[in-house]
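Everything below concerns the one structure shown next.
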Amino acid sequence: MRELGLVLLCLLRISRKGVQCNGWSVHVPSDITGELGKMVILPCTFTHPYKTFDRALTAIWRIKEPYNGTVIFKCVSQSSSELCRTAISHKNKYKLLGNPRHKDLSIRVDNLTWSDSERYFCRVELAGDVQDKYESRNGIKLHVIAAPRIINITVSSSRDHTFQARCTAEGEPAPALSWSGPPDSSLGSSSVSGHRVTKELRSLSHDGKYTCTAVNSHGRAEGAVYFYRFRASDSSSFMVLIFVPLGIKVVVLLVILSFTFFSREGPSSAPSSLARPQLPECTYENCDRRHQTLPTAGAAPR
């Protein structure tokens with residue numbers, strides 16, 4: 001009965017539209033690879049049974065699963081003379097590259113992140129008496145790859161007063177980590193979480209440079225840490241290290257105080273002879289004569 005219904009529907013479409021029932025198809029690659037932080041193009045082309053189509057057309061992209069997955073992109077074209085206007089673009093990172101009127105739904109994904117590693121499904125909807133909808137069932141699997149990158153490298157101490165170095169790197173595929181440096185160190189635990197790997201180097205007993213190397217099929221990265229333990233010096237060296245800087249500070253302080261004292265005192269005051277002229281020295285008689293009053297003009301002679 002189901003096959004009969006499909007045949008009747010096909011005959012109905014042929015009689016009303018003059019098209020073939022087997023004209024629908026969607027073409028997508030099974031896998032696409034993109035590099036972390038860059039862009040990638042997801043191609044999708046389709047065919048439909050209509051010779052011409054001038055009504056509304058909707059292009060949709062979704063992730064995770066067909067038909068019910070999360071819609072990340074959607075655009076609508078009302079007529080063949082109108083471009084497909086974007087209605088949904090999750091985080092504004094999806095751009096339509098193809099022309100749906102030319103049966104091309106390809107999109108560009110910008111600034112790839114680890115979370116973009118998903119399966120993508122394209123879908124086309126044609127408006128009409130009986131709305132035609134067609135979607136890719138298998139979709140495109142997007143693989144995000146990356147060369148290794150050292151995220152963190154540190155040295156720490158434990159309760160038993162031993163030291164260990166830890167290195168964390170990321171990449172896709174997950175990189176292999178290795179340590180190199182002074183001898184007498186032992187490899188510790190390692191852990192892998194998705195595209196991130198951490199590895200320890202225990203019992204650091206020699207001063208020097210310890211290097212962490214991360215390698216995968218796309219490249220290589222290195223990070224280094226310098227380890228130096230504090231050693232207490234002997235008593236004589238310790239006294240020199242303490243008192244020599246202290247003596248220098250005392251001398252500098254005395255020089256500063258002396259300079260301050262002399263600058264505040266200023267130049268000596270000028271002699272009083274320069275400020276006020278003095279009378280020449282004289283004998284007692286001369287000085288006494290200065291105080292004698294002259295006779296007045298009208299005085300009678302004695």
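Placement of Cβ uses the backbone N, Cα and C atoms for every residue, glycine included.
Worth saying up front: this structure is predicted, and the values here are computed from it rather than measured.
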Range annotated as region 'Disordered' in TrEMBL, from 151-171, 172-192, 277-297: 172-192
Mind checking how the region 'Disordered' (172-192) divides into helix, strand and coil residues in DSSP? 0 helix, 13 strand, 8 coil
